[in-house]
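The feature transmembrane segment is assigned by TrEMBL to 6-26, 38-56, 76-96, 108-128, 134-157, 169-194, 200-221, 228-251.
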Amino acid sequence: MDIQWPLAVFTLLTGLAGWTFFFVGLNEFTKKSKQDGFVVGIASIVFLAIGSLASVLHLSHPDRIMNALSHPTSGIFTEFVLVMLLGVSILAYVVCLKRGWKGAVKAFAVLGMVFGVLISFMAGYSYIMAGREAWDTVLLPTAYLGTAIPMGAALYWALATRGGEPAPFAAVCTAAGGGAALLATLAYALAAGVFSGEGLAYVCLCLCCSGAIPLVCGLMGRGGSKPALAWAALVAALVGGLVFRIMMWIVGSGFYGFFG
């Protein structure tokens, strides 16, 4: 099956944006990090926008996107709504943060956290399809979500250490994200029979990059400001997340396309 690169990039970057902002929102309540939510919020919006553009490029005729969005039960409609809600929530958050509206900041932080988690899951849920064994399991979108966690945590950690400040909480979040990705990817691979097929090399690379490396980097980075570890975890998590999305297309079978 041909790899649909625009869709892979869409799910990768929207997952990155959603989980990056999730940790921004989490910090609003825990106050474990001195990280400025404004900077990370802007970064989240940028990646969300780039990912959304990649999705549009997948269409053979981008001008027909309104036709695609006219079906409320379709996956593309759900993803569009979640992307818009997440984008509005993040934008409202950064505006309220600059204005000093503390109550509104927390409210939009919660909304952004919810939509960020949902977009990372629903982007994978759209692919569930009966009759295609590797795609006919809820563990597929769960792995989409799981591999997005270390990406968001690592980006949050990298930005938190840019001024030389220690960010042990962000490092712990990255380690936890790596653990989540490891479990989610392993569960999907076992359920879908990927270990016995052509996806073996891909799933092993994903387990290493999305899971093991962020986990180890996060544990090693708890003791102080270690930006090199944060960036290493981010690069590895992005590679692992992309590899998983590539693997999904490789282990699939038959024709699959949207408005092609």
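Each Cβ is built from the backbone N, Cα and C atoms, and glycine gets one as well.
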What stretch, picked from 6-26, 200-221, 228-251, has the most CB pairs under 8 A with the transmembrane segment (108-128)?
6-26
Before we move on, state whether the transmembrane segment (6-26) and the transmembrane segment (200-221) share at least 3 Cβ pairs under 8 Å, counting only pairs 6 or more apart in sequence.
no
Report, as numbers and ranges, every residue of the chain located at least six residues beyond the transmembrane segment (76-96) whose Cβ falls under 8 Å of a Cβ in that stretch; write 'none' if there are none.
14, 17-18, 21, 24-25, 37-38, 41-42, 44-45, 48-49, 51-52, 55, 68-69, 104-105, 108-109, 111-112, 115-116, 118-119, 122-123, 126, 258
Flag the pair the transmembrane segment (169-194) / the transmembrane segment (200-221) as in contact if three or more Cβ pairs fall under 8 Å (sequence separation 6 or more).
yes
